[in-house]
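Since the structure comes first, as structure tokens, the remarks are kept for the end.
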Amino acid sequence: MEMFASKSLQVEGLLFGVCSPEEILATSVVEVTKSCLKAETGSVYDPRMGSAGVDDDDALCPTCENTGRECPGHFGHIELAKPVVLFYKETVAWLKRCCHVCGTVGNEPRPFFFAPYSACNACGAQRPLVRLVDAHDPCAIRVTVRRKDGEPETMPPELILATLDRVRDSDVDRVLGRGKGSHVRFHPRRLVMTRMPVLPPCCRPNARQWPDGAMQDDNLSVFVSQIVKVNQRIKALEPDNPAVEGLVAQLRLKTLCFVDNTKGKVMHATNRKPMAGIKERIGKKGGLLRQNIMGKRRNQTGRSVVGPDGTLEVDEVGVPEAIADNLTVPVMVTPFNVSSLEAMMRDGRVSSVEMRDGTVHRPSEWRPSHGDHMETADGSPLGRVTRPSYDARDPSVVLRSWKTGETVTRPPPFSWPKLEPGMTVTRCLVDGDPVALNRQPTLHRNSMLGMRVKRLPGKTIRLNLSVTSGFNMDFDGDEGNLYLPQGPQARSETMLLMNPKSVIMSARGPHAEVSLVQDGVLGCHLMSLNSEIPCPPEELATCLMEVHGCEGWDVRDVEKGATPRDLLSSVLPSTLTVDCGGGCRIESGKIVSGHLTKSAVKKIVRAVCLENGGDAAGKLVDKLQFLTNAWLSHRPFSVGYSDCLTERPEETVRMVADAVCSKILEAEAADDEDGVSVALCGARDRGQAVTCAALTPDNRMAVMSRAQSKGDMFNLTQIAGLLGQQYVGGSRPGKEIDGGRRSLPHYPRVWDLEQTTLKYESRGFVRSSFLKGLNPREVFFHAKSGREGMISTSQMTGVTGYAERKMVKLNEDLVSAYDGTVRDAMGNVVQFVYGGHGMDPQRCWSDGCPVNFKTLAEECSSQECSSQISGLRSPAVTSVEEASLLVPVGLCPGAPDPVRESLFLKHASVILKGAEEHPCEDHSAWRERVARSYAAAVLCPGEAVGVLCAQSIGAKQTQQTLDTFHKAGVWLDDAGSVPFGELLGLSQKPMRRQCVVPLKVDPSTPGDEVRDLVGCSFVRRDLLDLLAVRPSTATVGKTASLELDPVKCFELRISPADVAYAVAEKFPPPHFDVSVSSFGVTLSWSVNYPVDNLFTGLFSVQVGGTPGVESYRLLRGRDGGWVAVTKGTNLGAFLCHPLADWERVRTDDVWDVYETLGLAAAKKRLYELMFSCVGDNLYPAHIKLLTDRMMRRGRPTPIDRYTMRTCEVGPLSRAAFEESLDILTGAGCTAETEHCAGAGARVAAGLPVRAGTGYMGLLCGKGFFDEPVVKVPDADGREYVDYSYSDDESFEW
């Protein structure tokens, strides 16, 4: 949004409806009666409807007398020879709702569909059965009615129009529920079209073909031409002509396909391709809403390949000079910049100058015509003009027109006006201009950042490596987009809000998004290791100059003979004290122990950002980057073939082989497939430990792995140790050939005792390394498992991207309000307290706690007190009441009082706990710091928390999917896109439905005895699944024997008596007489009793105690007790089971929890399941907001297109997601009003979104805009205007 007011009017709302024939005629300027595709009167391109071509932009419109560029276009109309039904579903709904004789609608406030064959309360007429037949075929779609004891009859559009015309306006107002007068915008008679509007030609412009430049008519123009042609043919025929029926069918087909041709019923006459109707133009990714309204192409943009540049600062972007000279920005002339602008004007870097009266001066290049004659001043010929731009440069050359022979007069040379304050100069980019850098796909906030321009030679866009993680750039040909903001407000927001220093802290999780990578991390690691050998003087001077430059530095900070670790410590803030983990600790800006890694550097940047702000963190990243670059230039580091070798290769190979053999023996002794997988995974882990221990300390690949700059120990193990077990689909490669007996034809069917290693190789165990080389069979298994990661990367990225888009569209209106609540566009409360704490997670050390109490206690204690025993210190606060005084009083004022009391108690408990665990000496300073930190961490009003939630979760899902590509052969866990997609959709039949049931049995009890105790009470199976052979109906003896499968029945502890009881309960005598045999059940029945039908339902008899559970596994829990993991869920049954520990029973089915325990329990369980999928390194506030959004309506609501259709926002916001035409049609048929409250609707209407800087408003008093009359003399005697109000003035809003 620009700072200055626009001359155009703002859209306040949109009224949807269906036009009546009278309204169509009133807005029409011409009746289209000719089917020719030429600019003729009455044709499809009648000039009175506006311009349609690309070459007549300067022609005047006969209707509005504007040029082709300014003419908005004017509608025409077609008088249809026969009525046409466009919206069949809505038409059938109204036919079911009203009486077909008198048109009366029921008296209910929201009438339902009357029962067919019932009598009308007004006239007593019978209501017929109305059906829509062949709804998906536009050639055969029709409405049928059936009277009682009659046959279905097709209801023609003429009869439909007559029936719906009887509906009274008052009934329409009552049915729509939009208040009195709604029938003005919609009446059911308008569902049958008798007069068709014709779009202006500017809405269906001609397209120029390439390469011949011929004009091609738009599909909609061809549709209109065909409709007009058929319509005129019908009018020309007599009503009783036999050809009329076929032409009417064509007219209705082409009219329907004009709106919706997704079935491709109407095709081009030349290329036989389906033509695009209105629905195809509006919906999908390339439609009008998403391609041209929600997102638009714009000027002042650039695109090029992106590359790294370690000399740039974090917030700088290197722009190629060719792009910088092409992009322009308007600048207001002031006394302070007039000299610099005049210099740019002389250098040719100004494109235009706008005077204060609005006149624009722009240089235009004059060129002679191609073929003009060139002569010297004395008349000597020089030939003809072949290169107009080059030949016009010499002013001494005389030009004569090749047409008339007359001398061509050159225009006078262009001269710029003298610059004065108030003018606007459009200049090229200079260093320091703000520009937005973006890389698609824009998954989260850090995919588009505001940078400072730095003009550089070359043709690639360059940026600092520290910001590449947010863009997900790997410089393998990635391209970046540059967007140049034009207005002063847009430039300020780009410079301040979008700056990388303002978004160093990730909006996704508690880590720094902008930090060192690769060479920078490696340099920090190596420098932190070197704490004894001093730097040479040249190296020391180079590093200090690179970091501090000409600003200078205090020589006392870096002593003579400083080591690389001292150099690294000199860059850190002197007040920094942080425990980086892994034995690395920094105290008072000095590295006192350990060494730096990538995670340690991120923790340092995060600590500096939280304590000193984003600017300080950005400067720290710059200094670390420049310091490591300079230091590595003196200490080269490269990896070679020798780094792939261990210190003693033969011994390493032997030790790895021994480890593999021992684990293979464990796999042989395993009872099930899970035990085999655990043993084989242990072989890879043992091989990794052996390989890493055999590497030399200075091995460069190991150094990079320990520094976390590139690679890890897993890669080293695959290179020098072994690849280990390969997995496909979460399990070992199966035996897929030779009837399921072999995995490859190279392996035998039966294994000898000496072929144990080969046996596991046939199931994908690779004991070779890349250094040794894989045999062809191992290569096959490795490629087979690696394919899974590749396919997952290529296919699941689209799945996760669509999931993110669904979350964004349904949560884009969720914004934090000024009262601390989270509300949607309609003002409905989604959360009373954001995240349960009301704090901005990016400003907190932990979830909802913005204070690092340990560091704060050290800072608020003297050095003498710190060195003494901790008993000399005392807690700064001693009670909850005292701690609650440090919480901001205005925290979440819109929440109910009980919620606020709980919130204050929660924060006070955290403060009290921090004070007790970390006592200090200066209590007043401690309290002041805590109060200031809490006040600064309160969530800002207008924060788009819904979009942040969706982007954070979506980016995390996408990153998890991309990571699978780099883990070829590893057992990929299923806590990823598929389960999370099921949670978003709240599938009632998820792929994995299980219950975890802890058992109340002695942990020392053997597993078989536990199964005996449980019996078949945990399962219920169909009788057919338990049979060894399916019997047929006996014809002799009237008996049947059901033979049970002993393996299945023993595993489930289902006895023949249980089967007999279940059969007898469903089919008691005289149906069957049931008796138990050795391991089966015998059925007998009466001789004259028919049992053929009974046998059909016999095999569906349920045997067991818990419906919905097929089987279960017994596992050991973390506490050593027995846990039953079931396949299938029935939470209610397990909560009541005497052997189940009901307090710890868990199920993965959210709907089962909702139906058993209610909404609160389902919400908590949904949060736990989502946290297990994506909660790692993610702010819990995002998941809490998403679960609250899904549970806000009082029942679980999925995140999908059906929920979007029932949202309370306007139809335009809903149509911007999916099913655009259906939603807009429904809005018109229900006379909805779009108030432009949702984010999507405001973007489509050209309004600022109510979030961020567009969230606040301005309240002014009545006299605010009055001319000030009070003049007060200043100290020098000059008068100035006093804009303040006096105390006795009345101030009214």
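Each residue, glycine too, has its Cβ placed from N, Cα and C.
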Review point. Of the ranges 405-415, 724-734, 735-745, which one does Swiss-Prot list as region 'Alpha-amanitin binding'?
Key: 724-734
Point to revise | Listed range which Swiss-Prot flags as region 'Bridging helix', given the options 165-177, 269-281, 308-320, 776-788 | key: 776-788
**Study point:** Close approaches to the region 'Disordered' (354-390) from elsewhere in its chain (Cβ under 8 angstroms; 6 or more beyond its ends)
**Key:** 330, 396-402, 405, 408, 410-411, 414, 416-417, 420, 422-426
Study note, to complete from the structure: Nearest by Cα to Cys102 (Zn(2+) 2 binding site), of the binding-site residues Asp474, Asp476, Asp478, is Asp478
Practice item. Check the Cα-Cα distances from Cys99 (Zn(2+) 2 binding site) to the binding-site residues Asp474, Asp476, Asp478 and tell me which is shortest. Key: Asp478
Exercise for review: Report the same-chain neighbours of Asp474 (Mg(2+) 1 binding site): residues 6+ apart in sequence with Cβ closer than 8 Å to its Cβ, ordered by sequence.
Suggested key: Thr468
Study note, to complete from the structure: Neighbouring CB atoms within 10 angstroms of the CB of Asp478 (Mg(2+) 1 binding site), all protein chains considered, total 16
Study note, to complete from the structure: DSSP assigns the residues of the compositional bias 'Basic and acidic residues' (354-376) as 0 helix, 6 strand, 17 coil
Check your understanding: If you count the other Cβ atoms within 10 Å of each Cβ, which of the binding-site residues Cys99, Cys102, Cys123 comes out on top?
Key -> Cys99
Check your understanding: How many Å separate the Cα atoms of Asp476 (Mg(2+) 1 binding site) and Cys123 (Zn(2+) 2 binding site)?
Key -> 77
Check your understanding: Within 8 Å of the Cβ centroid of the Mg(2+) 1 site residues Asp474, Asp476, Asp478, which other residues of the same chain have their Cβ?
Key -> Val306, Met473, Phe475, Gly477
Practice item. Show, in sequence order, which residues other than Cys99, Cys102, Cys123 on the same chain lie with their Cβ within 8 Å of the centre of the Cβ atoms of the Zn(2+) 2 site. Key: His100, Val101, Gly103, Thr104, Cys120, Ala122, Gly124, Ala125, Arg166
Exercise for review: In whole Å, note down how far the CA of Asp478 (Mg(2+) 1 binding site) lies from the CA of Cys123 (Zn(2+) 2 binding site).
Suggested key: 73
Review point. Taking the region 'Bridging helix' (776-788) alone, what is its mean pLDDT?
Key: 85
Study note, to complete from the structure: For the region 'Alpha-amanitin binding' (724-734), the DSSP residue counts stand at 0 helix, 4 strand, 7 coil
